[in-house]
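Lifted from TrEMBL, the feature list:
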TRANSMEM  B:31-53  transmembrane segment
TRANSMEM  B:59-77  transmembrane segment
TRANSMEM  B:84-102  transmembrane segment
TRANSMEM  B:122-141  transmembrane segment
TRANSMEM  B:148-165  transmembrane segment
TRANSMEM  B:193-210  transmembrane segment
TRANSMEM  B:241-262  transmembrane segment
TRANSMEM  B:282-305  transmembrane segment
TRANSMEM  B:317-342  transmembrane segment
Amino acid sequence: MTLFIEQLINGLQLGTMLFLMASGLTLVFGVMGLINLAHGSFYMVGAYATALVTAATGSFFVGLAAGIAVAAAVGALVELIVIRRLYHRPHLDQVLATFALILIFSEGTRWIFGSSPLWLNPPAMLSGSVTLPGGLRYPIYRLVIIAVGVAVAVGMYFLITRTRLGMRIRAGESDREMIGALGINIARLYTLVFAMGAALAGLAGALVGALQSVQVGMGEPVLILAFVVIVIGGIGSIKGALYGAILVGVVDTLGRVFLPGFFRQFMSPSEAAGVGSAIAAMLIYIMMAAILAFKPKGLFAANE
Amino acid sequence: MNKSNTSTLAPQPGLPTPAASWYDRKGLVQIGLLAFLLLAPLALYFLGHIYYVNLASRITLIAMAAVGLNLAIGYGGMVSFGHAAYFGLGGYVAGISAYHAFDFTPVIGWPIAIPGSDSMLVIWLAAILLCGLLALVIGAISLRTTGVYFIMITLAFAQMMYYFANSWPTYGGEDGLPIFLRNGLPWVDTNDALTFFLICFGGLVLSLAITSRIMKSRFGAALTMARLNDTRLATAGVSPYPIRLVAFVISAMITGLAGALYADLNGFVSPSMLSWHMSGELMVIVILGGVGRLYGPLAGALLFVMMETLLGGMTEYWQLFLGLVLLFVVLFAKHGVMGWLAGRERHE
């Protein structure tokens, strides 16, 4: 039972990370109609900037702030130079151009910083673990990540529903031409939304970078997962991104831990390990295909 | 050179059929591309540069895989981000079949015993059938969605295949599966680099001819209409869904056959053939060459692999420059190499 609860919390932690990635991705799609494969690059940029600044200043929090700022700045720059030429293009061109951006970011980073990973440790005050009710020891840092994810989700909710910027974002989602006609500077709104998404991705990269290593290509697996999340949730829907992220995070984590054991009930241990891990790795994609087969626009389709 | 290969477009309803001839600008470019791909390796083979013959085989097979993808993306408007699934499945069919033929063990022991085979003919047939079957299942589900959802669900299915191959230990898992002896054909020495290149070249020409033939048929006209305006197609009494599905399946079969040959070329198949980078590369090649142009994939593959080889020889970070070139093409040269070499299609 403790194992189950521990893995459930691990799943939640993965889910909140995915939400940070997916919310930016889904906002950019909802408001600008853009598929951005390069979102994983901002995750990587955030992690690198955090690792470098943390190493230079000795403070994780200064590094984290720098990581978010650098990711936002790089996002704004990329939007100004490349992305804004893509809004009126077909999805195919968007996929291709942002695929090219991935190559440029990944290889550029490898050129500058080399292939070996950078190390980033969680701050000392967050290292250690706490005892949860029920006697389970759990690392503080992972709980903090969950808390950050929840805080961002709540913050996004207020931003979208209660502020003027949120009103503009919602207006942009429902009718792009109209808000332009009402005198809103669309170009600036787009840059802002894109930079915001990049900042969230950078935050996710920095937080996860302290758990794993900071290296080239770290954004790609997360990117694909984030796409699964927003497709399951319904592209353009923040609520969908939240539920999708939690669902994917929990299902993926629990599947990897418990499926091999499940198959061991009626298979030899070595076979069960093989089949179990193979099915577990495919599980979220199977789930996504099943959901799309019945709800072709995801669970919470935004623009209907 | 067959005259029928020179027209790439289905006649569009209501428009006069573009007059096609082998000696106009487009026809000459197409013949030139094919002739270059055929003659350069021939010449280099007799000069003793086997490396370049294998490089030409690689270009040919990548081009063939992209010809398959082009049928889905360019002609059918189905932006599949998961064609690596078929490329890799074709590769794994060749690898697994050869593995069992080498071991004298059956591929499947129950309910019927299917032995392995090291004959290319059997492998090609199996690869085409299995890829068609897989595409039938994937397409039947994916084509219920459109737009971004279609892009993402095809990606998801390819990722499923990727992770399955990665974690399935029997056939090497993430280490991949070597093919110790290149699979054979009756009366032909497939180990000879030039012979193998000619087999690949034959496959490419065949897939170009099939695509061209399809797009000139009534089916091709329906597929074009399904891309341009599916409501209008439905109004005309043709349901778009089965048309798209059949085109998607044929597209996967071509890509799968290319994958089976590609595994034999490398003597190796690994999950990287199924990865989303592979899907991306195939898309890149289609775009580089020019979307919906019959010879676009060939032009794209030539440019892509030569760029990879040249830049790869100069710098370890060649993908950075590849990215820059690609970005430039997408942003400023929308019609790809074929648009630049052979002029735009009339409907553009």
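From the backbone N, Cα and C atoms, a Cβ is placed for every residue, glycine too.
Given the structure is predicted, the values throughout are model-derived calculations rather than measurements.
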The transmembrane segment (B:193-210): which same-chain residues, six or more beyond its ends, come within Cβ distance under 8 Å? 2, 4-5, 34, 37-38, 41-42, 45, 50, 53-54, 56-57, 60-61, 63-64, 67-68, 120, 182, 185, 250, 254, 257-258, 261, 264-265, 294-295, 298
Lying 6 or more residues past either end of the transmembrane segment (B:241-262) yet within Cβ distance under 8 Å of it, the residues of that chain are 58, 61-62, 64-65, 67-69, 71-72, 75-76, 78, 80, 83, 85-91, 93-94, 120, 123-124, 127-128, 130-132, 134-136, 138-140, 143, 199-200, 203, 207, 210-211, 214, 219, 222-223, 226, 233, 273, 282
Among the ranges B:59-77, B:122-141, B:148-165, B:282-305, the one whose Cβ pairs under 8 Å to the transmembrane segment (B:317-342) are most numerous: B:282-305
